[in-house]
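Inspection log for the structure reproduced underneath, given as structure tokens.
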Amino acid sequence: MPGCKLLVFRGRCAYCVRCQVWGVPDENYLNTRTPYAKLVSCHVVCWFVYKLWKRITGLDEAVLAVLLCVAIEYYDFAAYTALNSTISKVFFSQGVFLSGQGEDSTYLSTLVGFLAFAAAFVARPMGATVFGYLGDKMGRRLALNISAGMLIGSVFCIAILPTPATWSLSPIVLIVLRIIQGLSYGAEIGGTVLMAESVDKSKVKTVWVVRLTFFSVGILIGTFVLKACEATFTEAQMHEWGWRIPFLVAGAVSCVLPYLRSKIHESPDYVKYRATGRKENILKSLLQNAGGVLLVLMMSSLASGFFYLSMVYMDLSHRSSIWEYSVVLLLMILANYSSLLVSDANKRRSYFLVLLAFIIVTTYPIVHFIYKGDVTALIVYHVMLGTYIGWCIPFVVLIFPVGARQTCFSIPYSAGYLVGGFSPAICLWFSHATGFDNAPAFYLISFAVIVFVMVALFLRVEGGSYKFAFSRRRGGGESNSPAPEAYGLKART
């Protein structure tokens, strides 16, 4: 087999990566290639793992590449989030960036640190707008490749950024780098659209839940690296240089992003849409689907608020040990999979409304007991979070037309994360002004009520698919958006 990549396995038996067949290589190949083959024989195991993954989930290599990128992205996010208080003291402390004394100085440095954290979420809708438009007009793959480069560059720059004692402009540069990260995060939402378009309609909830698993794994690894650094170095060392290590690790791991992105291909829906030569008016699609856009915004705001109030404002990763937090995250991942238990579209909608009602009723006492150190409340909070984020997005990711889908989904989804990104600063201000500690509960309850009303009144099931009834229509009740058949698409089952 000339030109083949043979991986020796169990003596003389070999597997050809290129041809994907087993065989017995000749003696000359074994004599000349065995050392190399032994070094890379572990790839055979990787191949079997991938085949097992594909058999279990039915998801292809492109989806796996996107999911691995999600884990890397959220590792970076977890590293910055968990280090937010340290970074606030290093870059925004008294005498460095802010003036103040005592409690006011601590309050101001923490508040500005939260605002720097939120800077990425200010940029996220801009990234979603620019790269969503690029993804709809020139392809999802191009947008994702560009975002990978931005993510790698910004992570490395944060890792090597001088402190204000060395360079007075570094706090501003840090905020700029966070904005660049936000642009790349906004572009990454296109990966969700690509995955949903690349599988059968019945598997959309599967790819979303598996995405959440990789998201949780990235966060868990990021938290573990931080805990390892905190256990190894003193507090003074962490403030001096130890905070850089998680970012250096994130930068090193992010270097595989370009290779992973080379494995991504365009979705069948988008390829067929481009083949027709039609061009969707994206602005018109946004206006026509304003109701669906608003629903995605509210769902995303609630999901991000749940998560960021936990990670940043209540700082639950530091309120518990690494093992307690690992168990909590594991339970959150398992709660994600509750979404797979129900396939019928009408039943899914009904169960989702029950979940929202549960959130509205129980959030206040749960937050109250979390502040009292109750571990059970901590577990219930994360199970509730995992269940909600596992159920919400499959309702809305495919309700927009193909030619404008990435833009119509990415912009409100990112805008919701902007709202969630500001939630720690909003709750801190509210608590400081009123002395009321349970501000996160009111934030979450408010958005849960809005989502409940919108889903109950306007989200409909038509032919096994979800449609948002509150949209602008032309006369005769027909949607102003072209039907899928206009793009040469067949209904996916």
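Heads up, residue numbers simply count up from 1 along the chain you see.
Cβ coordinates are placed from backbone N, Cα and C, and glycine is handled just like the others.
What TrEMBL records for this protein:
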- 62-464: domain 'Major facilitator superfamily (MFS) profile' (DOMAIN)
- 472-493: region 'Disordered' (REGION)
- 62-83: transmembrane segment (TRANSMEM)
- 107-135: transmembrane segment (TRANSMEM)
- 142-161: transmembrane segment (TRANSMEM)
- 167-187: transmembrane segment (TRANSMEM)
- 208-226: transmembrane segment (TRANSMEM)
- 241-260: transmembrane segment (TRANSMEM)
- 286-310: transmembrane segment (TRANSMEM)
- 322-343: transmembrane segment (TRANSMEM)
- 350-371: transmembrane segment (TRANSMEM)
- 377-403: transmembrane segment (TRANSMEM)
- 415-435: transmembrane segment (TRANSMEM)
- 441-459: transmembrane segment (TRANSMEM)
*Is the transmembrane segment (415-435) in contact with the transmembrane segment (286-310), using three or more Cβ pairs under 8 angstroms as the rule and ignoring pairs under 6 apart in sequence?*
yes
*For the transmembrane segment (415-435), what are the same-chain contacts with Cβ under 8 Å, counting residues 6+ beyond its ends?*
107, 110-111, 114-115, 117-118, 120-122, 124-125, 128, 185, 296-309, 312-313, 443
*What else in the chain is close to the transmembrane segment (441-459), if you only count residues 6 or more beyond its ends and a Cβ gap under 8 Å?*
291, 294-295, 298-299, 301-302, 305-306, 309, 349, 352-353, 356-357, 359-360, 363-364, 366-368, 392, 395, 423, 426-427, 466-470
_On the 0 to 100 pLDDT scale, where does the domain 'Major facilitator superfamily (MFS) profile' (62-464) sit on average?_
80
*Same-chain residues at least 6 beyond the ends of the transmembrane segment (377-403) whose Cβ lies under 8 Å from its Cβ atoms*: 136, 192-193, 196-197, 201, 204-205, 208-209, 212, 269-270, 273, 278-280, 282, 285, 289, 292, 295-296, 299, 302-303, 306-307, 310, 316, 319-320, 324, 328-329, 331-339, 348-349, 351-352, 355-356, 358-359, 362-363, 365-370, 409, 451, 455, 459, 465-468, 481-482, 484, 487, 489
*If we call contact 3 or more Cβ pairs under 8 Å (sequence gap 6 or more), are the transmembrane segment (241-260) and the transmembrane segment (142-161) touching?*
yes
*For the transmembrane segment (62-83), which partner among 142-161, 167-187, 208-226, 350-371 gives the most CB pairs under 8 Å?*
208-226
